[in-house]
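Below: one structure, written as structure tokens.
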């Protein structure tokens, strides 16, 4: 048993019900790696100690689903942004609301605390970035320049710059005091989801839906590396504390990258699904993910992970020669380091009379007084002994059994039972089996289980055959012919499979393709399947981004002199597309009123499609 525990590189730490409805966001405290904040469609922010089953405190006040949450550097404050665009900052030590900030017109997409002082940055689907002084109402600066939703914000370690990543495929670097763009990086070919500064050097990393991580030199403003190898969009990256490597949380795996030259040191399988946040503590990497109302946390033992040397993964570096580890920290001689201020700004508490209306509707419900006092209250007392250091999380002794924590009310009265992780989330496998299965003989039970198996095999074989047909047409003719073939099969699943491919390659899109796809998007947006709806939303965003200006300008243009066949054909296509877009706009408006993840996606689409109301 003891020997088995030493062989583990990664394991699941816990799984628990975090909210009474779906979890929409979460964040780890980066300083300790031991605090977790979750935001949900129940409009609450819940605070947890990683690995413990009980909710420490629940923060209320938001009237709309919480879309984004973040701790400050000292983990004494937490900020949350809602679907309506409002932002609330809580003081965890005092267990009360500190400030409510209003100003954004759409969903909050990213939040970040300044490393020094009382400043906070926020971004939204309204494309704006705002810098706030938490001690006052109203924003200090507004940074405008992105053309689509901003997905990630990060302050430089010296607090002078702000980096932003956007769906418009760009990364911008802002001068905080001047309020203007320093530079813009444009090498990504799809939405940029995450941006991170190196902890010491003038280096920036960005992860994108184009499945690459790009590294930018912040002295020369040039790209010094493009790390490839992820098979899914990059949404979660984190520099090691010493800055020697970069961790990428891919779907069901952790990748460890180096640069100059670009290479992948290691790839560790981890069953965390779509991991949402990472932190490092005690030579362990903590990763957290969410699905429906549950949250899972995982641990990777970094002592057993290659973080340098000659590890090679095909596609990252071509030769198989071992790479010698440099004696000095990576890049120390190549790039300058950040100069940090020697003093920091002190916090100024608001007087009790300020924002009394907020305090009436916003509260911190402490569910676990012991954990609350242990984590937050010692800061009020004079420390006479060295602070207690958190211990590494022990690895489970052997594979197989896991414990799942399922709080009944996201707080107390917890039930402890065997894990149901092997069952599909949201489904009860028992519903698909005969009630009296345990009383049947082996042959009868097997016969019951295999019911429908042949039908499923026939259906999957037919789908595979249809996809092979579409693939053959694509190879022989072009993408438009292939999509027409898929549509003619009258099987929406085939259309979804094709769209999921071409949505990743915007360069393949032409106006001809839009005329075929738009009627299919109508069906996808009204589908009962979530994956179909998401695919339809992605395709519609691409069309609005790349073709709306062309369609609008073509329809508004004065009639040409003489006969121009090409222009007439384009005009016909633009009219057809505009008609379809207007129909889809009505569907989007209706669905934007929904609460939750779907409502958020459709609200974003509604903003993109706003020009339809003002034109033609």
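Indices start at 1 and increase along the chain as displayed.
The backbone N, Cα and C atoms fix where each Cβ goes, glycine too.
Given the structure is predicted, the values throughout are model-derived calculations rather than measurements.
With DSSP classes pooled into helix, strand and coil, the tally for the repeat 'WD' (16-58) is 0 helix, 23 strand, 20 coil. Annotation comment: TrEMBL describes 16-58 (among others) as repeat 'WD'.
The domain 'EML-like second beta-propeller' annotation in TrEMBL covers 33-185.
Here TrEMBL flags 59-100 (among others) as repeat 'WD'.
Regional average pLDDT for the repeat 'WD' (101-142) in the model is 87. Here TrEMBL flags 101-142 (among others) as repeat 'WD'.
Sequence annotations record features per position, and here TrEMBL assigns repeat 'WD' to 143-184 (among others).
Residues annotated as repeat 'WD' in TrEMBL: 185-226 (among others). The list of residues near the repeat 'WD' (185-226) in space but at least 6 beyond its ends in sequence, with Cβ under 8 angstroms from a Cβ of it, reads 148, 151-157, 161, 163-173, 232-239, 241-243, 246, 248, 257, 259-262, 329, 331-332, 334-338, 504, 506-507.
The compositional bias 'Polar residues' feature in TrEMBL is assigned to 340-350.
Among the features that TrEMBL reports, domain 'Katanin p80 subunit C-terminal' is placed at 451-609.
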